[in-house]
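Sharing a structure with you now.
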Amino acid sequence: MSHEGEEDLLEYSDNEQEIQIDASKAAEAGETGAATSATEGDNNNNTAAGDKKGSYVGIHSTGFKDFLLKPELSRAIIDCGFEHPSEVQQHTIPQSIHGTDVLCQAKSGLGKTAVFVLSTLQQLDPVPGEVAVVVICNARELAYQIRNEYLRFSKYMPDVKTAVFYGGTPISKDAELLKNKDTAPHIVVATPGRLKALVREKYIDLSHVKNFVIDECDKVLEELDMRRDVQEIFRATPRDKQVMMFSATLSQEIRPICRRFLQNPLEIFVDDEAKLTLHGLQQYYIKLEEREKNRKLAQLLDDLEFNQVIIFVKSTTRANELTKLLNASNFPAITVHGHMKQEERIARYKAFKDFEKRICVSTDVFGRGIDIERINLAINYDLTNEADQYLHRVGRAGRFGTKGLAISFVSSKEDEEVLAKIQERFDVKIAEFPEEGIDPSTYLNN
């Protein structure tokens, strides 16, 4: 249970239970489980963490039924066709459902979202007009997606209300929803800026919060302004509550900052940061001149087999221009970036998720946490500047342990340096894309 989120808080690094999960086992789990955010993976009772400090887990589960969840949750899980928890879920849920603080770092696609969704719903005893669960994330689309996960798993819990709040929309609408006891949510998913504004204006009462979750916590807490927003929100909640933090990447520098919000946390890390690359994802690069990118992209879209593709560029201007070019070249595409109006962003995100378009051009607004199951091709039209961001980008393809393909354009000396850093950081060999192409069976699921 956690207390304050102040800068000068003690770090509880001497007390946490730390579980190091073998990355290869986690990947195998992801491959054998159902293709969804709640169920990657088969169980492995012989955890690699057995000899590590505080690595005991009270319950070893072979299926979701062994978590002894509420019947309503179990029904929803069965409806989704889920049977076996992923390695991360297996090690985390038995303690998180009992209120243990959690700091979890595991690669994209291993079902971290389901950990806090199921854990908080399991503990929730809804009281009309009282917010019991707060989930904070850095992106509006991610907030929308998390809200949908709550709706999916609470389908047999009709008394549970969930709402999502983010900037770019009239705060008066949020205030109206919160004021009415018939519509006031028990679960709030929000971006930090909007939730801070609701707290400051006293539109929302967080004095009954029992669970406080930060998704993509490294991104939320590494930016000072966002961290201050989170601290202000944190101080508006009770001292006695559960705090859970999740991310695909957690640097050594950000972990002490996370721990300031936690007390006696269970810590879940993959055993080796170098193994964070995605199992089942084929990764290649293509060396070319900047002026050759458009022609090569068109060739790839013609030659490759894919369900949906996401193309990453470095600016909103380039996103708009490339989308125009693709549409003019008979490649129906949609673009999503941070400079468009919020309603438009959400509408386009939904359109892409609903398979109305197969091609999406985006900036890094789609680079973290967004789960669209049909994406099996990611193209870095402009290579990112950071190795960790590369992981988040290409993680949009090959989600949940399924196969996928990632191709990066390398057009400058800077790109070559970044590519070298990526390979060193993740201990992976990214090969040059063969001139003759590749066998679709290597990146397409049966």
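Heads up, the Cβ atoms here are built off N, Cα and C, so glycines get one too.
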Based on what Swiss-Prot says, identify which of Ser13, Ser55, Ser411, Ser441 is the phosphoserine one.
Ser13
Can you tell me which of these residues Swiss-Prot lists as phosphothreonine: Thr169, Thr237?
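Of the listed residues, Swiss-Prot records phosphothreonine for Thr169.
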According to Swiss-Prot, which of these ranges is region 'Disordered': 23-52, 83-112?
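It is 23-52 that Swiss-Prot describes as region 'Disordered'.
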I'm validating the feature mapping. Which of 171-174, 215-218, 239-242 is tagged motif 'DECD box' in Swiss-Prot?
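It is 215-218 that Swiss-Prot describes as motif 'DECD box'.
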